[in-house]
Structures are given as C-alpha cells and as structure tokens.
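Data first, discussion second: the structure below is written as structure tokens.
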Amino acid sequence: MERTVVLITGCSSGIGRHLALRLASDPSRSFKVYATLRDLRAQGPLWEEARARGCPPDSLETLQLDVRDSDSVAAARAHVTEGRVDVLVCNAGRGLLGPLEAHAAGAVSSVLDVNVAGTVRTLQAFLPDMKRRRSGRVLVTGSMGGLMGLPFNAVYCASKFALEGLCESLAVLLPPFGIHVSLIECGPVRTAFQDKLEGGPGGVLDCTDAQTRHLFSLYQRHCEQVFREAAQDPEEVTEVFLTALRAPRPALRYFSTERFLPLARLRLEDPSGCSYVAAMQRAVFADEPLVLPGGSPGSLRGGASGTKARRFQ
C-alpha cells in the first residue's frame, strides 16, 4: 500500500509536533511524516515521544526547514525521498502580544515574515509539483485571530487575517488541479506558543501611556480566564486536522471549537463592525458576559467547549 506523504512545518512543539506524532503512530500505518524544524537541535522531545508511542521507524523523519529562507524550504523539499508530498501542513507561526507602540520593528517584521511570507514561500515550493500531479492537500493552521480582531494582538491578527485571504483565494483556484486547501481555525490551545512570543509578553510597556498599560492588565486577566475555561489540548486539535485530511471533499474551514463562533457571526451580521467592537470591549475590558443582539448569549465564556470539528464550506 502506498503511504500518504505528509510534510509539516513547525514541529518543535505544540500542534506541529502533536500532529506529526499522531500521524506517524496511526494504527493504519498509512502515513509517512516529514516533521520539519527550524533548528534540528530541538528535535529531541519529538523523538522521545515517538519512541514512547511506538512509531514505526520508517514512519517519521525530521528535516531542517526555516520558512524564512527559500533555500531552506527548497532543500527540505529535495530531501523527501518519495519525490512528492501529498499533504502539506503549513503550521509554523509566531505570536506578538502587547500595545502596538511597544513592539520593536524587528519583532513586527519577524512575525509577518514567518506567518505570512513564510507560508507563501512554503506554498511556492510545493504547489507546482502538486499541480503537475493534479493531486494534493494543503492544511494551514489558522486562528480565531484571523477571523476577528483581538485587542493587543494587532500584528498577529494582521498576519492571520492575511492567511485567510491567501487560503481563500487558493481554495477558489486550485480544485481544477485536484488540490484542496483547508484552514484549521484554532482557539486557545495548551502549547508553548505563549512562551515563545516575539519580543516577550507585552513588549516594552514603559513606552506606553498609563491607560494603555491598565487596559493591557485587564486583557491579560481576561486571557487567563479564557485559557482556564476554554483552552484545548493539542491532541483534540490534531483530530480536527485528521478530519480535514481524510474528508472526501474537504471544506475551506474547520473549527476546533464552537465557543467563539457567535463572535465570528456577529462580525458578519453587522457589517459596520459596531456590534462586534462593542461586544468585545465589554467582554474584555468591562468583564461582562457576552450577550449578542437580540438577547442571545454568546460563548466567549461558559458553555461546552465543542471539541467536535465544525465544517464550513
């Protein structure tokens, strides 16, 4: 049986590492996984867990790949011994948190380079062969921060909004080539992502005004509560990736949780944006329960986490 060849970027930790291990240890033994890392010195935990899971020795291989470097992406592609990638998972990403004026220029450039330009470089490297073979799937790690603006996440949201446009455009173009693009829209996930924020948590806060610093402290308190109540384990999220990977007709978007969908819908229901802005301000800064127009309760807090993948065309 010919195995499905999967290449995943950003496998040093978090969703990328969990997905690589989940596929490599799949009981069907139908996947060959290339787990790529920017720095191969970080691959130790991946191999330790692979051994603990009993991954077959030929099911997993690590490659160096830095999405910021086109030559690095091309070198990784050349090391795929099967000569093809059936499923490309663009997962590498960076976060940036804090007041906009507190961010160093280098931190802003780095996040945009990894999250947006890095995804473009990766797609440019692998799409031509998929188009020639008229077969392929692309899964991209999205975020609810790509569907709604979140305070103190302006640059991160800008990068994720850009991915939404990138993937939606490709989703329209590529089906005649037998290629399907899917975004896996994630809410908060229990990974080391927050520990790897570009520039640290908040940037240089002493360069901002007192009111902004106060609002940032309210936002941090809000985030702590949301993470306590709503954060998912990476294993839950990887199952959503598998749903998209195995779907006969993949959707453009899959949601790992339904908790934040009322807010996403609110943005569409009031195109002016006023309802969303007011609701988010109340929820984050006034610490009020989210109530949508018409009196219907939202799900920013409370309620079931909704771990079953939701599919939206």
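If you go along the chain as it appears here, the first residue is 1 and each next one adds 1.
Yeah, the Cβs are placed from backbone N, Cα and C, and that goes for glycine too.
Straight from TrEMBL, the features:
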type	residues	note
ACT_SITE	Tyr156	active site, proton acceptor
BINDING	10-38, Asp66, Lys160	NADP(+) binding site
BINDING	Ser143	substrate binding site
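A map of TrEMBL features onto the structure.
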{"residue": "Gly10", "record": "NADP(+) binding site", "Cβ contacts under 8 Å, 6 or more apart": "Gly16, Thr36, Leu37, Arg38, Val67, Asn91, Ala92, Gly93, Thr141"}
{"residue": "His18", "record": "NADP(+) binding site", "Cβ contacts under 8 Å, 6 or more apart": "Pro234, Glu235, Val237, Thr238"}
{"residue": "Arg22", "record": "NADP(+) binding site", "Cβ contacts under 8 Å, 6 or more apart": "Glu235, Thr238, Glu239, Leu242"}
{"residue": "Asp26", "record": "NADP(+) binding site", "Cβ contacts under 8 Å, 6 or more apart": "none"}
{"residue": "Tyr34", "record": "NADP(+) binding site", "Cβ contacts under 8 Å, 6 or more apart": "Val5, Val6, Leu7, Ile8, Glu61, Thr62, Leu63, Ala76, His79, Val80, Val85"}
{"residue": "Ser143", "record": "substrate binding site", "Cβ contacts under 8 Å, 6 or more apart": "Tyr156, Lys160, Glu185, Cys186, Gly187"}
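The recorded positions Gly14, Ser30, Arg38, Tyr156 differ in how many other CB atoms lie within 10 Å of their CB, and the one with the most is Tyr156.
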